[in-house]
Amino acid sequence: MTENIHKHRILILDFGSQYTQLVARRVRELGVYCELWAWDVTEAQIRDFNPSGIILSGGPESTTEENSPRAPQYVFEAGVPVFGVCYGMQTMAMQLGGHVEGSNEREFGYAQVEVLTDSALVRGIEDSLTADGKPLLDVWMSHGDKVTAIPSDFVTVASTESCPFAIMANEEKRFYGVQFHPEVTHTRQGMRMLERFVRDICQCEALWTPAKIIDDAVARIREQVGDDKVILGLSGGVDSSVTAMLLHCAIGKNLTCVFVDNGLLRLNEAEQVMDMFGDHFGLNIVHVPAEERFLSALAGENDPEAKRKIIGRVFVEVFDEEALKLEDVKWLAQGTIYPDVIESAASATGKAHVIKSHHNVGGLPKEMKMGLVEPLKELFKDEVRKIGLELGLPYDMLYRHPFPGPGLGVRVLGEVKKEYCDLLRRADAIFIEELRKADLYDKVSQAFTVFLPVRSVGVMGDGRKYDWVVSLRAVETIDFMTAHWAHLPYDFLGRVSNRIINEVNGISRVVYDISGKPPATIEWE
């Protein structure tokens, strides 16, 4: 019998902050399971979840507006600790009898909070001291409204010059509100405050660890599928690879992985996937060489969105054909992860539907009545990677840069041809190899090469040549929502350019993309 790793759990109610998923990831990093729900859940749903504590997230709305989001009143009647962050603090104050006002000045950026009163939330936590020995905390503020009167049974724990109630608390009820964001790294002691709330005040044990998550997933897979057969589309990406390893641990040869080689992968990627999962780990893999089929379906198509749809459609066709060849397969496994199933908290109806359906493989034939196995659906991407390491997958594979689902289909601009893909594969491999050699690979968030369907004159020896152009792209980003182009050293870029032009026959010019996001996107298509 495996340990119940969901025994202690935190419920996070999402009021729409850009940082809400970060709050959840921080709680998980503390070894405690949590779920992220839209703010307008019912009392029955909260009772059913039975949380050890509740966190109210930040959000873009103003509590002073008439129909702004509110926490269900039951949150404050459930008898568990509650932690309000930014908007979460404001709605807590309003709902419990305090007062919030719009402020003429937005407080955005660093602030120093002075701790005035002892509180379980911040006891012994400080960044520096005032002249008279009071603790100071360096925090990150991002708010317009502010609490102007706290509920009568609360005390002021900390303040700033422009924010009289930066932290408020009701120690008896274990209700806490902070006007700053403890989940962001700019709040230097934020993780310690979250740990204090989750581990000490809510008394949650650290049961949510990679080894225990694996044991739990394996037990749940066995319970769900029994002796039935399972099929999985293995791409070699992080999610499908970790899904494959978990299923292999749970059911061994009853798992069949289908690896569709679409001709749009990186250099030697198909061989690497087969070597690692087939030869090294001993998984049962069907290798389907389908390059010709994908390229002929893409012939003559220039539109990026149409190319994506074609690649998706052909993948489903090929996968379905392979699935139908297998006898007695009852289950389809997918690498769905937690962000895929979190619905935005901004529910237009005012009622939340927390889970949305998400299908990586798309429409399976009607005659294939299969159940769905999704062993990663509670996990964030960083947790999936940690589990992959625990399962023995190589670090370089788990932590490599993102690669788009359609592969080189959207990195060859315009029409996709085998000649273009072959040139691009080799040029891209040189760029990545040089980044690793120069110890720059992990310093950029994503790097790749793009094939441009334009010819350019070049000189080789005594002759002129008229060949293709590629662009190098490297960006630095935290969340991939915005990104800066990476300022790679000129001598490094020169070395990469020389190698590509000299070693890849058919490329005569290399350019470097210096566009940020926005206005450009990270991928060209």
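Note that Cβ sites are derived from N, Cα and C of the backbone, with glycine treated the same way.
As written in Swiss-Prot, here are the features:
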| type | residues | note |
| --- | --- | --- |
| ACT_SITE | Cys86 | active site, nucleophile |
| ACT_SITE | His181 | active site |
| ACT_SITE | Glu183 | active site |
| BINDING | Ser235, Gly236, Gly237, Val238, Asp239, Ser240, Ser241 | ATP binding site |
| DOMAIN | 9-207 | domain 'Glutamine amidotransferase type-1' |
| DOMAIN | 208-400 | domain 'GMPS ATP-PPase' |
Next item on the list: Within the same chain, and leaving aside Ser235, Gly236, Gly237, Val238, Asp239, Ser240, Ser241, name every residue whose CB is within 8 angstroms of the centroid of the CB atoms belonging to the recorded ATP site, in sequence order.
Entry: Leu234, Val242, Thr243, Ala244, Gly335
Item checked: Glu183 (active site) versus Val238 (ATP binding site) - Cα distance in angstrom -> 26
Next item on the list: Identify which of the recorded positions Glu183, Asp239 has its Cβ surrounded by the largest number of other Cβ atoms within 10 Å, counting every protein chain shown.
Entry: Glu183
Note to self: Can you give me the Cα-Cα distance between Ser241 (ATP binding site) and Cys86 (active site, nucleophile) in Å, rounded to a whole number?
What the structure shows: 38
Margin query: Can you tell me whether DSSP puts Val238 (ATP binding site) in helix, strand or coil?
Written below: helix
Next item on the list: Restricting attention to the domain 'GMPS ATP-PPase' (208-400), give the mean pLDDT.
Entry: 88
Margin query: Counting Cβ atoms within 10 Å of each candidate's own Cβ, which of the recorded positions Cys86, Val238 comes out highest?
Written below: Cys86
Checklist line | Between Cys86 (active site, nucleophile) and His181 (active site): CA-CA distance (Å) | finding: 7
Notebook entry, point to check: Which one is it: of the recorded positions Cys86, Ser235, Gly236, Asp239, Ser240, whose Cα lies the shortest distance from the Cα of Glu183 (active site)?
Noted result: Cys86
